[in-house]
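Asks: Got a structure here, written out as structure tokens. Questions coming.
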């Protein structure tokens, strides 16, 4: 299933690149040496050689496609219908967008002697949006067949395990979001390259906020969660710092629940104090109810075992 | 990954850790191909030295339960859940046999005599 998803993404990436290259070779004879690639209110205001425009479009598409590789390799994405649909809708939609952008730009320059005469019809944008929407729809449909892990919840009982006397039990898990990690890293690299290439100091400084977003994204791409006799601890980022700790005597009970990023309100630390969700990826979350009435949830792999251990430890603590 | 250590177990710590990981895999919470939490995290949670955990991980790799892959960390081998479940029971069997005064060779011989 995982291999199939990567195969679809790779085949589509190659197909889009092929269509772009075919448009270039097919229309090359009827294009001026330089084509208009940007329009403002008064008409075409920037040009590029046809070869450079082709190369730039292919690189742009390459970056868009490469971003999809880590999630396409993820077995979690392959197992969940919503995640598959999202991934393929993105890849197919982006492909439709790039092809349409390239096509309307070349068509606007067709049979002209000079790129300055090129006119971009307003309907062109309609075609681009339409092609992207068609791609999104096709991707959504392509992601539909296949398995789907059913959302389950065991909020009532809550799992538990048996702890024997003289036994020490700990639970550790971590979860990473490859989208956030690769997105953050790509953004950081792009911002750094831009800052170095920028001629003016002011332009370089404008990259600052983007860099901050990229670093925050990278920090929220990983959580490491630990449950032991001290309670629950959630560490962020590659160094596990900053960390959120909940002492065992504050925990009433624990269970697991499927939560989506849509319901939690996005990725990151979501919700209000007393009802926090640490949302790294959609899917199975470890949820604890606190004695003060609040809840705390974190999306993490192997959450059942974590909830079971916390319940066992909390029960032990209540007996003592 | 849920790890249980018996504080009264006389065996060396790395063997106990290897046993705990073997049981966690046998219980199926880490299917083949999935990635184990880093040794550093496991060691921190258990309050023991990271080298002890690494020694346990290497033992499990030599048993064919785990696989060390560059850039992918430590992953569970194909069919390792069955394998580690069996290995864990065989180890228990050997310990029990030892208590009754049978040596390892005796147990192997007994298995060989079974039809």
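Each residue, glycine too, has its Cβ placed from N, Cα and C.
Keep in mind that TrEMBL annotations are predicted by a computer and have not been checked by a curator.
Note that the coordinates shown come from a computational prediction; the quantities given were computed from them, not determined experimentally.
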Asks: Of the ranges A:14-34, A:203-223, which one does TrEMBL list as transmembrane segment?
Replies: A:203-223
Asks: Quick one: find which recorded stretch in A:52-75, A:120-142, A:178-197, A:203-223 has the most Cβ pairs under 8 Å with the transmembrane segment (A:87-108).
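Replies: Between the stretches A:52-75, A:120-142, A:178-197, A:203-223, A:120-142 has the largest tally.
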Asks: Out of A:120-142, A:178-197, A:203-223, which stretch has the largest tally of CB pairs under 8 angstroms to the transmembrane segment (A:52-75)?
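Replies: Comparing A:120-142, A:178-197, A:203-223 against the transmembrane segment (A:52-75), the winner is A:178-197.
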